[in-house]
């Protein structure tokens, strides 16, 4: 009986694994914001994803960071395409909620997607009067 259960569990896991891998890889874009002044994640920050178009920027998606300062799946439910994109972090609202001034009402970070089968992570290290970003993993 135990052997049958073990075999059934292994078979079930083997068929489930590709689905889990696909689910983990299907969203190609994530962001993470850390407040450098407090050393803590920046929760509840609105972030917008936009694609460069001939006449400006086309909004694709908007979400808010979770309690860990993350948006794990910012790419909308559509097929990824190569091109120029930007994420816009609405940092002014974040600091305003804390009764703090900020020099940057929003921080746009432009980047290029040249491989749609890769994951793109955009971390933002934030303070009231400065920021830093890079391509994360």
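Using N, Cα and C of the backbone, Cβ positions are placed for all residues, glycine too.
Source: prediction; values computed, not measured.
Here Swiss-Prot flags 1-23 as signal peptide. What Swiss-Prot lists as substrate binding site is 32, 70, 134.
Location within the structure of each feature annotated in Swiss-Prot.
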| residue | record | CB count, 10 Å |
| --- | --- | --- |
| 32 | substrate binding site | 19 |
| 70 | substrate binding site | 19 |
| 134 | substrate binding site | 10 |
Same chain, not part of 32, 70, 134: whose C-beta falls within 8 angstroms of the C-beta centre of the substrate site? Give them in sequence order. 30, 31, 33, 34, 69, 121, 122, 123, 124, 136
Let me know the largest Cα to Cα distance in Å among the substrate-binding residues 32, 70, 134, as an integer. 15
